[in-house]
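I have placed the structure first, in the form of C-alpha cells, so that the comments after it can refer back to it.
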C-alpha cells in the first residue's frame, strides 16, 4: 500500500500510524465495530518513582464476548500518543487481526490524552503531572484487567510500537498472565541510536519557544518535532521515492503545518519520556539484563520488526529472539517504522500464525 500519510503532518501527530487511511485499506469498506469508550477509575496510582497520579482513570474499549472458559481475551495497548479509537480502525479481517473469535480489550496507555494525562488532569495539570514509565503503564493495565474486568489471564497480547514495548514489559512483569505475546516494531531496550533519536524528539518539544516550558495556552505546532519525525519515520529510499526534489517544499510545508488534531504537547512529551525508560531488564527489584529478563518469560513469543526501522532499531529484538526461543518476522520494508503502511498483509499473516493454537 502506498499513501501520502507518511508525507504529511500525520507524522507530527507522533505515530498515529495514519489510522484513517489504514482503516480504509484494512477494512475495505467494512463498518467499524461498535466499541464505545469506557473508563475504569483507579483512584490514586502510585508510580515506581514514588510519585502519585491522583484520581487516575484508564480508558478502554472492548470487542466481542468473553467465553465461558474465560480464555479468549486479547489485550491491545496503544502506541505513542495513539488512542483506542485509532486501534479500532486497524482491526478486522484485513487489518492486524480479525477480532471476531476473541474478547479484545483496547487500552489507552497512561498519558495519551484519554486516560489520565497531563492534559486532562485537574489537580496535576500540564508539567505538574508526575513522570511515569512503561512499567507504570503495564501496572495500570494489570489493575484494569484484574480489578475492573475480572480477567486474570490473556490468550494473547498484540502491541505496535510503544504498544509493543508494553507487551514486552508485560511478558516480564507478569510472566504467567499471557499465553501468546506479539510485539510489533518494538524493542526490549533502546539502542544508542534509538536514544539519540528520542532524545532529539524530546528536545525538539522541550526547547520550542511556543511550548513555554509546558505552560502554553494553546497547543504548540512544534515544527522541529514534526521534521524530526519526518526524517526517521520511513527509510531514506521511501522518502526519495515519494518526494522528488521539486516537490520538497510542498512536502515540508505539509509536514510542519499546524494540526488542530495533534496530541497535546505535554502528553506527547510525557509519553516520550516514558518510552525513553524502556528496558525490560531493569526496574525496581527486577531482573538485570536481557538474559535474566528472558528467563522469566513463559509466553510464546513472535517478534515482528522491520530492518529499516529508524525510530526503533530492531537489533535488540533480534538479540532477544533466541533467548526466548521465539519466532521472528524481520520485514524488508522501506516504510521502516510505518511498515504497517506497506506490509499490512505480511504483518497480518505473521499475527494469524502466532495466534493459532
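Just so you know, glycine gets a Cβ as well, placed from its N, Cα and C.
TrEMBL does not curate its annotations; it predicts them automatically.
In TrEMBL this protein carries:
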type: ACT_SITE; residues: 161; note: active site, nucleophile
type: ACT_SITE; residues: 309; note: active site
type: ACT_SITE; residues: 337; note: active site
type: DOMAIN; residues: 102-339; note: domain 'AB hydrolase-1'
type: SIGNAL; residues: 1-28; note: signal peptide
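Every protein chain considered, the tally of other Cβ atoms within 10 Å of the Cβ of residue 161 (active site, nucleophile) stands at 27.
Within the model, the domain 'AB hydrolase-1' (102-339) carries an average pLDDT of 96. Its own atom aside, the Cβ of residue 337 (active site) has 26 Cβ atoms within 10 angstroms in the protein chains shown.
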